[in-house]
Structures are given as structure tokens and as C-alpha cells.
Amino acid sequence: YCHFAQVQGSSAFGHSGVFIQFADQKQEFNKRPTKISRRSLSRSISQSSTDSYGSAASYTDSSDDETSPRDKQQKNSKGNADFCIKNIKQADFGRREIEIAEQGWKGPVCLNVHVPTSYNCLRAGRLIVQCRSLFVLSVLMETLSALGAQCRWAACNIYSTQNEVAAALAEGGFSVFAWKGESEDDFWWCIDRCVNVEGWQPNMILDDGGDLTHWIYKKYPSMFKKIKGIVEESVTGVHRLYQLSKAGKLCVPAMNVNDSVTKQKFDNLYCCRESILDGLKRTTDVMFGGKQVVVCGYGEVGKGCCAALKAMGSIVYVTEIDPICALQACFQGFSFAFISLLLYVVSVGNKNVVVREYMDRMKNGCIVCNMGHSNTEIDVASLRTPELTWERVRSQVDHVIWPDGKRIVLLAEGRLLNLSCSTVPTFVLSITATTQALALIELYNAPEGRYKQDVYLLPKKMDEYVASLHLPTFDAHLTELSDEQAKYLGLNKNGPFKPNYYRSAAA
């Protein structure tokens, strides 16, 4: 088998890829039962290696699975019906997951204690939120609410929602419009339900991928008259914001969280270092030891993937277009491979990184997956043609079969692997969520005129504050500069310790 995985990194052009080569042999995939009863819940969780924990732990009857949430009338225990989720009955289960997540989330919990003393917080804030509907990020929602904001939430990925967590939030009074396995039409419908509300006008946007911002620009541009700012987490969304800014169409200030030091150095690197293996294991049961792997792109995500695969005993090669990132890969001991030999191309931008031409030339059994943001990195649409046969063999696993019998294994229909097929480390996401919350607070409370209609990075003082909130977990204590040392370095003893132009990629 020749296995191929495409992942997005944070190098100059924002792409990474992984190609895993095996000997030709037939591999069988175990099929999971389509129904999971309440009684067999625990056993199904331990046995399943294909679904994410949240998906495996969810239980619904067949009627729930067959009925679209849009066709069901649901209310929480207080009679509120301003939500659309899979099954409100899963709320208790989701609440237990959220409570577990809170134990590992130091940053957002600390914000509830420390931030109100120095900020007006988010009182009267009306947020539209589009992000990953995982149990770990539900803590962010509850933190924003505790700081005074009203939130309406849609998912940024059609497969990332954990239904029981969405149920817990809906039971808690949040307006959540998300469920696992949305169609494209459902995806945009959920966004519209968050935005288009009679008698309710948003004044802040928290986005992940830019789809929410795009929808408001397209359908409700007049809303930007009252919106104070946009906070964007992903490289895809940031790219779209810079395009708007360059064209002179950005109506409000925007905060680029993706390129903050805390996001680049921790979420992009360490989160992907752990979740890439988890996603591939759950979907393919592949053994990495001794396998030849090519990572296309050596940005922060690529660095994480290389480190993880190398640690598992894989023989890792790298391709890069940026000479600085390429030199970093050399210093880490990675060899370089020619793209022409690997049948893989990294293009400029994040669209059609893997096109039909290259998939036609892949070896039998290649696994194709994406660690970017959207479903545009892999040209999945080109595979939906009459001569190719699609065969669903597992949840989130499709075999695409060519007329000569060759097949590739496509994971999550080309969408984000770790959100669709596994989960992500809670503690790392706590760092990102704290950064997002501080960015929202900064834009919301900034005096008029501080931020223009442009894209900004989070001030380094806030980056350092986010890091300091998470140090006690490791019982880590900082060394304090003496007055003489601080004067010599030209620094304040309390920071910031890095200039505003400091970027993680240059570190």
C-alpha cells in the first residue's frame, strides 16, 4: 500500500503534506455497527478506532439519526428553543465532558478571575461565534458568557461538532446551531440562523476560517456599521482578511490570532504533532514504524507532523518552497525529496494543492487526508465523476476506485483530519482559546481610533500573559531580571520581553 496524507502548515504559503509509502498488499477495514445502544456504549468506545471520541460516545436512536435537526422541534428544560442540534437529550453526557475539559483549561478559567479587574470585559457584547464545536472549546463559550457576552454559535466544520457538547450548551441557554455530519446547505443555514435574528444585532465576530465573515459581507453588509471587530483564528481566514484589507473592503478592525506567537508555537505545532497520528490511527490502523513518509511543507504544522512521524519510527522526507523553512528542516536532519518523484505538488495558496492529475498517478492504496482548514486543499470535486466508484468502508473513510481497480483512501472527504476523525489536546487549545478571548476583549474595549480598518497582531504583552497563565500547571517559575540586567537589555522587568516584530517562524 502507498499511503498519502496532505496536511497544511504555516510556512510562507501555508501548506504541508504527508506521503506514506507501504509495500503492496491488501488491507481490510473493520466495519462498525450503524447503531449503538445505550447499554453497549462503553464497549463501543473502547473497541472503536475509527470515530472521534465525541462521536463514538454519542448515542441516539435510529429515528434521531434519520431525521434532520432542521425538521425537529426541540426545547431545553427551561422551554428555550433558540437552537438547532442533533439531540437535546444528550445534554447530561455533554456536561460531564465539559467538566472534564475545564480541569485542563487553565487560561479561560483564570480569565474569569483576573480580567474583570482591569477590563470592562464583554458586557453588552453580542458575539457571533464560528469555531470547532468540541467539548474543549465549549469552555471558551462559557467563559465569554461569564465575562458578559451573549453568544450565538455555529460550527466551522461540518464534521467537527460533538453532538453531546452542543446539547449541553443548548441546555445551558446558548444559541447553538451545529451538529456532526451537516450538509453544505445545513452549514450555511446554521450560519444564517446565527446572524439573521430579529431584534438582535451582533457587535463582535469570532471566526475560524472566514466563512462567517464572508457570509455577513455577502448577505448582511449593513451589519458592519455596528460591529467593533473581527477575531480570526485560522490561516485560511486570515488570508481572506488580508485580501479584503488589500482591496480596501475591510470595514472593521480585525485581530490575526493565527500568527500570534502563542498560536504558532503551541497550537499549530504541538496540537498537530499529536493529532496527526491519532487521526490516521483511528481511521486506518496504520503502523508507522519503518514507513517512508514525505511531509510537503515545513511550517509549524509540518514541523509537528515531521516530529511525530519520526518519533514513531517513520523515515521522513520533506519538500519545501521557502528556503528558510527548508534550511530548518536540514538542521533537524530531514532529507529532501523531489516532488516529481512523489507525485505531489505544493502550490501557492491553499486551493487545489492535490489535484486530479496527481491522484490519477498515485499508487494503489494511497491514503489522502487534509490537515488544512477547509475542503479546498484536495480537489475532491474532481473525484466525483462517472468513471470513479466511491465506497464508504468506515465512518469518515471512503475508497475511491479507478476503472483499473486502483483505489485511494480518502479521509473525511478531504476536510480537516484531526477535527473530523479524532480529537485535539485540551491543554493546547486552552492556550489558543485564551488568546482568542483576550483579542475579543482588546478590540471590544479599545478606545475609538486605536485600531483602524486593518488586520492586527495581538500585542506581545498579551502573548506573554497567555503563556504565564499556563505555567503553573508545570510548576514552572520565571527568573526575574535584576535592575541592572533590565537596563542593559532595555526591557521592563515585567515585560514584554519580545518586540512586536518578533514572530515564531523566525525564532
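A Cβ is built for glycine as well, from the same backbone N, Cα and C atoms used for every other residue.
Automatic, uncurated: that is what TrEMBL annotation is.
If you check TrEMBL, you get these features:
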BINDING   Gly299, Glu300, Val301, Gly302, Lys303, Gly304, Glu320, Asn418  NAD(+) binding site
COMPBIAS  32-41  compositional bias 'Basic residues'
COMPBIAS  42-52  compositional bias 'Low complexity'
DOMAIN    268-424  domain 'S-adenosyl-L-homocysteine hydrolase NAD binding'
REGION    30-79  region 'Disordered'
TRANSMEM  333-354  transmembrane segment
Once the DSSP letters are reduced so that anything not helix or strand counts as coil, what is Glu300 (NAD(+) binding site)?
helix
Which is it, of Gly299, Gly302, Gly304: the one of these binding-site residues whose Cβ has the most other Cβ atoms within 10 Å?
Gly302
Under a three-state reduction of DSSP output, how is Glu320 (NAD(+) binding site) classified: helix, strand, or coil?
coil
Can you check how the pLDDT averages out over the domain 'S-adenosyl-L-homocysteine hydrolase NAD binding' (268-424)?
83
Quick one: give me the count of other CB atoms within 10 A of the CB of Lys303 (NAD(+) binding site).
27
Determine the Cβ neighbour count for Asn418 (NAD(+) binding site): the number of other Cβ atoms within 10 Å of its Cβ.
27
